[in-house]
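**Q** This is the structure I want to talk about, given as structure tokens.
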């Protein structure tokens with residue numbers, strides 16, 4: 001609003017680390033003419049315009065849980081500043097209303113009282129202005145502006161009407177316009193309007209047009225002069241975009257209808273100035289008519305309107321060389337990952353074909369589910385070229401994930417029919433039925449997740465389960481939150497028991513998580529309202545303790561389990577393994593360690609989400625855990641022999657579908673800003689950014705972490721059928737597919753969408769649809785790399801520990817043998 005230029009979506013990142021604003025702007029213009037300025041409120045002003053304010057009292061704008069102190073810090077200076085006469089510009093940036101919206105939405109219980117508080121502030125300022133004008137004959141302008149609107153969920157950043165519905169109110173002792181009706185203007189129009197109103201140059205990068213209603217009290221020649229200055233500024237900006245454009249070098253009269261683009265804009269400017277000069281000439285001759293004035297005004301308005309739209313839709317200058325280099329780097333990365341995946345698959349299948357004692361050559365065949373996994377990627381790539389499909393991407397993920405599991409269900413049922421009762425034992429039939437139950441659990445949970453939030457853009461207003469529960473009241477939400485917490489605990493305990501660990505080990509793991517579980521339950525019970533949690537120091541300290549316990553528990557399980565787990569499982573390994581070379585590792589002990597570590601990761605992550613997610617999202621978190629666990633159990637038993645890369649891809653798809661099931665979309669409006677400040681006593685850009693990332697990517701990260709349990713729960717044939725495995729092959733087999741498959745899938749989507757974005761750079765919806773989607777694609781890439789890194793480092797550390805223990809054990813045995 002101070003520069004008149006359009007912001008980009010990269011401003012989302014820079015807002016978290018605001019730097020000095022170097023572009024031409026109103027604040028710098030006011031400083032040049034000697035104005036003394038005072039700023040009270042959001043400290044972002046101080047970072048954007050350092051050393052420009054004579055007095056200031058900044059407050060942090062990101063600690064959204066604070067709805068009282070941020071406004072009190074502004075209002076406490078009102079009496080002093082309104083009675084002072086040494087300032088020319090007073091900026092009051094109240095943040096409380098924005099914070100109320102973030103934590104409670106447009107219909108928050110605190111919204112009414114906060115609006116009344118703002119009404120009183122405006123009334124107080126207006127009364128002071130009127131008294132000043134009566135006693136000192138000094139005219140003062142009061143401008144009330146909001147920079148954005150708010151969705152029902154309490155967020156903004158998209159292009160919906162609720163998010164762009166903001167206010168601009170000009171209040172003065174004189175009436176600006178005779179019109180009582182509301183008019184819509186653009187925020188970029190503020191800079192040129194205020195600049196001309198106060199007699200300073202219009203900022204150079206301004207693309208806005210003056211708000212004419214503000215200048216209706218001026219004479220005709222003054223109004224035309226204002227339009228002329230605004231038109232001249234836009235013409236200069238137009239010429240900077242098009243260096244070769246020079247008005248007057250071509251004829252606008254010949255074939256006028258065939259002039260399009262910048263030439264048409266130039267002709268429009270020349271026509272407007274010609275009409276203006278004609279009006280001035282006739283005015284000197286006293287032969288001017290009202291039609292001449294209106295013609296000149298309409299000429300300027302036509303130029304201003306068309307030029308402003310052209311500049312707003314014009315893409316910024318792009319370094320083509322860097323863009324091509326970036327796409328080439330993405331292409332090489334994608335091809336490299338695909339090549340590694342292919343070579344790894346060939347190596348595993350070749351070794352497996354020698355080690356596995358069956359002759360059906362099943363590992364070389366392509367099945368329906370494998371083809372469908374690849375088809376999902378191609379469908380997603382094709383959908384990227386449609387803005388509507390990007391807005392409603394959640395439908396694609398829900399449908400494709402459900403279809404994949406229906407294909408798996410079909411395969412399971414067919415295996416039962418083909419096997420008949422003659423070849424399938426009772427135990428095998430029982431396993432098949434369990435597989436069916438697991439798939440049904442995934443499908444039912446997915447359907448509930450699909451209806452929990454009516455995501456997207458076009459249909460977000462339709463009723464869904466979350467809206468119905470919010471209307472039912474906080475008591476129902478709290479009951480479901482407690483039920484979800486119980487479900488998460490039950491699932492994790494059931495998984496722990498299924499691992500077949502020693503009783504003492506299981507009890508130790510339960511005791512490790514007992515305290516954080518009790519603290520989270522206590523925190524849930526203390527929240528009397530599902531929207532406004534306790535802001536006390538005691539509550540914040542408790543949440544910080546929970547963070548510490550969950551982090552310590554996960555780190556302790558990671559570091560301690562490989563050292564405490566037995567080297568070999570006496571139930572499955574022969575004693576001969578212990579006499580092998582130190583470089584050979586027993587697989588079962590390593591597998592059990594990964595199971596325990598993966599279990600700890602999943603349990604810690606779900607408990608963290610139960611604390612951070614909005615209470616209404618507690619049920620989706622528990623359903624996501626159920627889907628992941630059911631998927632792992634489905635792939636871990638039986639003789640269906642799904643390829644491991646299919647299993648990892650299925651978990652990846654479940655994670656992406658769950659991402660949208662938690663209410664996320666491809667617009668920035670659904671980012672949960674309020675949750676990023678849970679347990680934070682003061683603003684920290686890094687900590688709040690990490691918490692925001694954890695909340696947004698809860699589902700994909702859970703799916704990635706679960707691949708550890710998928711690896712250990714699933715029989716790795718080429719490993720388990722050999723008595724020992726060397727260090728390198730064990731590590732490759734463990735982290736190969738869990739790392740390469742997510743990285744490969746993500747690299748394909750990242751490359752494809754980058755190419756789509758470049759192709760759509762001049763599209764009408766480049767800012768409202770394609771740009772925010774690209775930010776999400778980049779953030780998803782970060783999520784995938786973080787998750788894959790955790791899995792890889794965990795497996796590597798566990799392997800190193802087992803290699804060390806095996807070596808030490810072998811050395812001790814050799815010494816005893818020598819004696």
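Keep in mind that glycine also has a Cβ here, set from the backbone N, Cα and C atoms.
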**Q** In TrEMBL, which of the ranges 245-269, 270-294, 295-319, 320-344 has the transmembrane segment annotation?
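**A** My reading of TrEMBL: the transmembrane segment range is 320-344.
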**Q** If I go by TrEMBL, the feature transmembrane segment sits on one of 674-698, 699-723. Which?
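**A** Here TrEMBL associates transmembrane segment with the stretch 674-698.
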**Q** Quick one: which of 414-433, 434-453, 454-473, 574-593 does TrEMBL have down as transmembrane segment?
**A** 434-453
**Q** Scan 198-215, 216-233, 396-413 against TrEMBL and say which stretch is down as transmembrane segment.
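**A** So the range that TrEMBL calls transmembrane segment is 396-413.
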**Q** Would you please say which range out of 627-644, 645-662 has the annotation transmembrane segment in TrEMBL?
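**A** My reading of TrEMBL: the transmembrane segment range is 645-662.
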**Q** Residues of the same chain, at least six outside the transmembrane segment (508-525), with any C-beta under 8 angstroms of its C-beta?
**A** 478, 481-482, 485, 489, 493, 496, 501, 539, 542-543, 545-546, 549-550, 553, 556-557, 596, 599-600, 603-604, 607, 610-611, 615
**Q** Considering only Cβ pairs under 8 Å, which range in 320-344, 372-390, 434-453, 545-565 makes the most contacts with the transmembrane segment (739-759)?
**A** 320-344
**Q** Between 0 and 100, where does the mean pLDDT of the domain 'GPI ethanolamine phosphate transferase 2 C-terminal' (372-511) sit?
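**A** Overall, the domain 'GPI ethanolamine phosphate transferase 2 C-terminal' (372-511) comes to a mean pLDDT of 86.
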**Q** Considering only the recorded stretches 320-344, 372-390, 396-413, 434-453, state which has the highest number of Cβ pairs under 8 Å to the transmembrane segment (645-662).
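**A** It is 396-413, which has the most Cβ pairs under 8 Å.
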**Q** Applying the under-8 angstroms CB criterion, which one of 320-344, 372-390, 396-413, 482-501 scores highest with the transmembrane segment (434-453)?
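**A** Looking only at 320-344, 372-390, 396-413, 482-501, the most contacts with the transmembrane segment (434-453) come from 396-413.
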